[in-house]
Amino acid sequence: MKFAYKFSNLLGAFYRHGNLSFSKDGNSVISPIGNRISVFDLKNNKSETLPVSTTKNISCVGVSPNGNLAILIDEDGAAILVSLVTRAVLHHHHFHKPVNSVCFSPDGRKFVITKENVALLYHAPGRNQEFNVLTLDKSYYGPFDETTCIDWTDDSKCFAVGSKDMTTWIFGAERWVNLIYYSLGGHKDIIVGCFFEKDSLDMYTVSQDGTLCIWESDTELEGLRKGPKFSERNKVDKNKTKDTEDNGGYDDIEDVGEEDGEMRGEVIKGGANAPKELKGIQNVCYTQISKHYFNKDGDFSKLTAATYHKKTHILVTGFASGVFHLHELPEFDLIHSLSISDQRISAITMNHTGDWIGFGCSGLGQLLVWEWQSESYVFKQQGHFNNLNSLAYSPDGQYIATGGDDGKVKVWNTNSGLCFVTFTEHSSSVTSVAFTSSGFVVVSASLDGTVRAFDLHRYRNFRTMTSPQPAQFSSLAVDSSGELVCAGSQDSFEIFLWSLQTGRLLEVLSDHEGPVSNLCFSPVQSVLASVSWDKTVRLWDMLDSWQTKETLWLTSDGLAVTFRPDGQELAVASLNGEITFWDPQTAAQTGTITGRSDLQMGRKETEKITAKQSAKGKSFTSLCYSADGESILAGGQSKFVCIYNVKEQILMKKFEISCNLSLDAMEEFLDRRKMIDFRHRILADEGAGDGDEVNLSLPGVRRGDMSSRHFKPEIHVSSLCFSPTGRSWAAASTEGLLVYSLDASLVFDPYDLDMDVTPTCIQQQTKKKEWASAILLSFRLNETSLIREVLEAVPYDQIAVVCGSLPDVYVDKLLDFVASTLEKSNHLQFYLTWTLCLLTLHGQKLKNRSRTILPSVQQLLKSIQRHHGDLSKLCDWNIYNICYATALSKQNGRNIQE
């Protein structure tokens, strides 16, 4: 089995922190999620997470006007330049301080970042190849506190910077004689947004207390006068005359220097006084013409986010109460007001046409896109509020069900990466979820003492199963027929068995002496395996009145159990970090994997012991066999997921699911400079977070907001599952639901290679119309593009002849290739014909080795069902439209000839 799995998508999270951006065409939203960014295609209803990541959580994102480049900056000021076309990292840069905002100029030639009380103007990367991709042009000083927001004029001549010192500063991006810097006041709170009017220097400034100031400039953009270049000014400085006013406008500009290891360019220092005027030239001056207040009705919730669309003159503001307002400027006429969330609105953006408004709420992880003209949602998604506890693939691999600490069960589409239904009936944490064999029923167990079954046709909870005495269910299993549901209790140590059809309790199994940590039904026999903290695995026989068939003794507490797809082997994970394999027929142990060292070490910030000692308590908490049963996937209290070969009992590959240092237990050694005592932690909390109050850490708190602003969630994997097709696997982790897929194009894996097997030889066989020979040679070279070229060159009427002449080993390979290609290819009928011929001519032989080809068949079924679902809707729509047109024409007396 190949192990070239690569990260493909991040589900279960839509927005965490930072600013939102629309793509150039306005059809996609770019959202930061932890240390990654996701692109949500609103037209095609799909999501994609870019295969790039920063060292820590992303704090701000800047997208170039042409939509080709993006700058991602994390909490520490480390930035990466990413190509949105190739999805590749082009450059790394470090700003050495936390960056508050970043914004490209409208012409795409420059961009500004704000950190501390300074704004830095950089030259944007161009088409010319340069060693230093990001070149600092100018440094602008003026604000006395941290800078918060940026906006540019339409011609990229000037930009404005808002600050926490309640002022807004306007700087010239070029050397203007009459505008070096200008400071605007008029506010009593932090500046949230500053916006230029279209093709003008007129400004709007918005502060956190809900105040809007409208400023009018006495100079148009065309009235800005260019000054001498930097080299010319240096000559003037050397030949100064007694008349110092001739150079008065440049007294606030310093020479080039070096700071933080990089050239800082020109330095413009703003002060309390306006810059001196040159003879005969009047500096730009601003006048406040009006002031408006958002909190007229006594709603004193803070204004937290704002954006302005210059073409339509619409100002959108978001508040801490979850309400947003739409106003038309400069009249300040209220167009629309709506409450979209119970949490504060953290980010707002608008697309280039001004039709769609994007909102991000970091408290609940919500991402919404609102069309204000039709007053409807274009996009509305929310991830799990707390940790993900469990996941399950549907039998066809099209859906993934997840359960979390927030008591919600969500079902995700693996193709689009979006959630299409959320069930909120549980009142406590959902500990386990499972699909029935039909794939249309999701069953979930919760700590609220209920097991619920949900119908994916009608999206309703049609069955609720409870125990005679209240119990907290920690595990769940559904048998292969979909008729029996069992759940294990963590407080009464019992296993409850229900009939899904009637909801009646059938049996209570009570032999365990500790919490039941996991359950699993055999896929081929009427046997239930249960593992418990009492160091036993018990096999229950359904045909023998649910008596204990076998008891397997472990050396440590049992945490996870799973059957091999053919039911001939049982894998158990225990607290000592071992994975043991058993034969369920003879109750004999067949192998052991000691995987504690593979989990590696990670030390939490609050731990008083070393990472080496902490690793002794690490273990695997989730197991899953691959579709062919040759490998097993294991994950637990670590950032690593391991794939082991069962027969050889060796580690085949290890995946690092996250490199985000904003999470806890990521590093083996801690920085002693950051290890501060309790009194200093109180001071460190001041100013952190968005709330007014600073809460102290409560001892023993492991969930929720931890009552502490400096809390770092711990990295771990709570659940793992292979896709039924075997081409992907998913992990429920602290980061969200991570999906890793098999990319065949990344691996060169030839079969029975020889000196004569070359691309030239294969193309010659194709030209000679030796189709069978060309196919055999292409599979021996095993290059995806070459195989596709040969297959698509075969005439339609020759497919059956070619299929009949293939050896058995190549039939399996061809079926696997057709199954993977059918999912994305436009040649639907062509590849369906290949499938039909392969199954018709080799059906009996394929059935005899069904275990080997099971992943390919499931992948094929998934592709066909997806195409059927897409085309059936279109065909039904066309049929009903034709019927309607025919009926309408008959009603008017005009018959349509068939």
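Yeah, the Cβs are placed from backbone N, Cα and C, and that goes for glycine too.
So that you can see what the record holds, here are the features copied from TrEMBL:
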- 226-245: compositional bias 'Basic and acidic residues' (COMPBIAS)
- 246-256: compositional bias 'Acidic residues' (COMPBIAS)
- 782-885: domain 'Small-subunit processome Utp12' (DOMAIN)
- 226-256: region 'Disordered' (REGION)
- 184-216: repeat 'WD' (REPEAT)
- 381-422: repeat 'WD' (REPEAT)
- 423-464: repeat 'WD' (REPEAT)
- 509-542: repeat 'WD' (REPEAT)
- 560-592: repeat 'WD' (REPEAT)
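Listed as Cβ neighbours of the repeat 'WD' (184-216) (distance under 8 Å, sequence separation of 6 or more from its ends, same chain) are residues 148-155, 158, 160-164, 166-170, 284, 286-295, 300, 302-308, 310-311, 313, 315, 317, 319, 329-330, 332. For the repeat 'WD' (381-422), the DSSP-based tally of helix, strand and coil residues reads 0 helix, 23 strand, 19 coil. Long-range neighbours of the repeat 'WD' (423-464) within the same chain, counting only residues 6 or more positions beyond its ends whose Cβ lies under 8 Å from a Cβ of the stretch, are 386, 389-396, 398-399, 401-411, 470-478, 480-482, 485, 487, 496, 498, 500, 503. The DSSP breakdown of the repeat 'WD' (509-542), given as helix, strand and coil counts, is 1 helix, 19 strand, 14 coil.
A Cβ distance under 8 Å defines the sequence-distant neighbours of the repeat 'WD' (509-542), meaning residues of its chain 6+ beyond its ends; these are 474-480, 484, 486-497, 548-563, 565-567, 570, 572, 574, 582, 584, 587. In the predicted model, residues of the domain 'Small-subunit processome Utp12' (782-885) average a pLDDT of 83.
Note: the domain 'Small-subunit processome Utp12' (782-885) comprises 91 helix, 0 strand, 13 coil (DSSP; helix = H, G, I, strand = E, B).
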